[in-house]
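Asks: For reference, Swiss-Prot lists these features for the protein:
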type     : residues                     : note
MOD_RES  : Ala2                         : N-acetylalanine
BINDING  : His15, His17, His214, Asp295 : Zn(2+) binding site
BINDING  : His17, Asp19, Gly184, Asp296 : substrate binding site
MOD_RES  : Lys54                        : N6-acetyllysine
ACT_SITE : Glu217                       : active site, proton donor
MOD_RES  : Lys232                       : N6-acetyllysine
SITE     : His238                       : site 'Important for catalytic activity'
Amino acid sequence: MAQTPAFNKPKVELHVHLDGAIKPETILYYGKKRGIDLPADTVEGLRNIIGMDKPLSLPDFLAKFDYYMPAIAGCREAIKRIAYEFVEMKAKEGVVYVEVRYSPHLLANSKVDPIPWNQAEGDLTPDEVVDLVNQGLQEGEQAFGIKVRSILCCMRHQPSWSPEVLELCKKYHQKTVVAMDLAGDETIEGSSLFPGHVEAYEGAVKDGIHRTVHAGEVGSAEVVREAVDILKTERVGHGYHTIEDEALYNRLLKENMHFEVCPWSSYLTGAWNPKTTHAVVRFKDDQANYSLNSDDPLIFKSTVDTDYQMVKKDMGFTEEEFKRLNINAAKSSFLPEDEKKELLERLYKEYQ
């Protein structure tokens, strides 16, 4: 019998990666169809190789994508399908609004240098990837009755892609795309300051494109400071290490900065040492502005309920705190004000 959800009410999720939320069945299907070798030929086998049960380092976790992304990248049908199935997955989890993020370049095989995942050059550009994801998400919205928007990721190791990410955010603004992100390995020294990223973020500020940045996950509080002061981020992806700099943390508390918290992810990537108190406990105690999110459910063998169960069982989170953090997530979403108001009204009504 399925476990009763830790929070059985409508939820808002702001930090989840499309390419980390693919059904193993879909990976197998396209691996077979396209003649691409996968590390296993059953759903269970694939889940065990891609999935994680115990902590690995962030680079080891990122290496998991190498196993299965070649089955999906460069294939129009696969890309539209993973977007559609993502919406179905979230609807089943009781999520009523979700912002899903991905790098258009990592799904393309044309007009992208270098071509990712050792693919041969094809004819699928990053621009068309965004169009396909939009189609899949919009069809999913119609079919499953929830609201979905998307965030396009710049990648820390590829600053040359970032100007195009900004252009795609502008081109597809409100055609599901609501913001820009900076993802990838934040241990790359000085990557927040690479000119490609800085210029793209400056352009986003100028053009009214919303901004979030992965920072302080495994990186130091200094990476968070760079995200806030140089990249002018409006939300912090993860941000756990912010609390190591009291002055910065207190400043961000006062500024009502939103932290996109992914508890189960932080355990499995080693971003959080279980011998210490999790930053989210501090966020709760200080009534900070944060959300709970699943990050990469395929790899973490999880749903968003996994994160709620973890903080409820191990950290004493209450129903009232769950309501508060979801209302904060809605307030910190990148929806236009009128749609944000509608979402909030729905939550207030359902939470009475």
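Heads up, the Cβ atoms here are built off N, Cα and C, so glycines get one too.
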Asks: Between His15, His17, Lys232, His238, which of the recorded positions has its C-beta surrounded by the fewest other C-beta atoms within 10 Å?
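Replies: Each of the recorded positions His15, His17, Lys232, His238 was scored by Cβ atoms within 10 Å; lowest is Lys232.
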Asks: How long is the line from the C-alpha of Asp19 (substrate binding site) to the C-alpha of His238 (site 'Important for catalytic activity'), rounded to the nearest angstrom?
Replies: 18
Asks: Restricting the comparison to the recorded positions His15, Gly184, Lys232, His238, Asp295, which residue's C-alpha is spatially nearest the C-alpha of Glu217 (active site, proton donor)?
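Replies: Spatially nearest to Glu217 (active site, proton donor) by Cα position is His238.
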Asks: Helix, strand or coil: which one is His17 (Zn(2+) binding site) in, per DSSP?
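Replies: It is in a strand.
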Asks: On a C-alpha basis, identify the one among Lys54, Gly184, Lys232, Asp296 that is nearest to His15 (Zn(2+) binding site); the candidates are the recorded positions.
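Replies: Answer for the nearest of the recorded positions: Asp296.
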Asks: Translate the DSSP assignment of Glu217 (active site, proton donor) into the three-state scheme.
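Replies: The three-state answer is coil.
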Asks: Going by Cα-Cα distance, which of the recorded positions (His17, Lys54, Lys232) sits nearest to Gly184 (substrate binding site)?
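Replies: Comparing Cα positions, the closest of these recorded positions turns out to be His17.
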Asks: Specify the nearest of the recorded positions Lys54, Lys232, His238, Asp296 to His17 (Zn(2+) binding site), where nearness means the distance between Cα atoms.
Replies: Asp296
Asks: A 10 Å Cβ contact count, applied to the recorded positions Lys54, His214: which residue has the minimum?
Replies: Lys54
Asks: If you measure Lys232 (N6-acetyllysine) to His214 (Zn(2+) binding site) at Cα, how many Å is it?
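Replies: Rounded to a whole number, the Cα-Cα distance is 13 Å.
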Asks: To test your reading of the Zn(2+) site: which residues beyond His15, His17, His214, Asp295, same chain only, put their Cβ within 8 Å of the Cβ centroid of those residues?
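Replies: Sorted by sequence, the hits are Val16, Gly20, Arg101, Ala183, Gly237, His238, Glu260, Cys262, Ser265, Asn293, Asp296.
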Asks: Going by DSSP, is Lys54 (N6-acetyllysine) part of a helix, a strand, or coil?
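Replies: Where Lys54 (N6-acetyllysine) sits, the three-state DSSP reduction gives coil.
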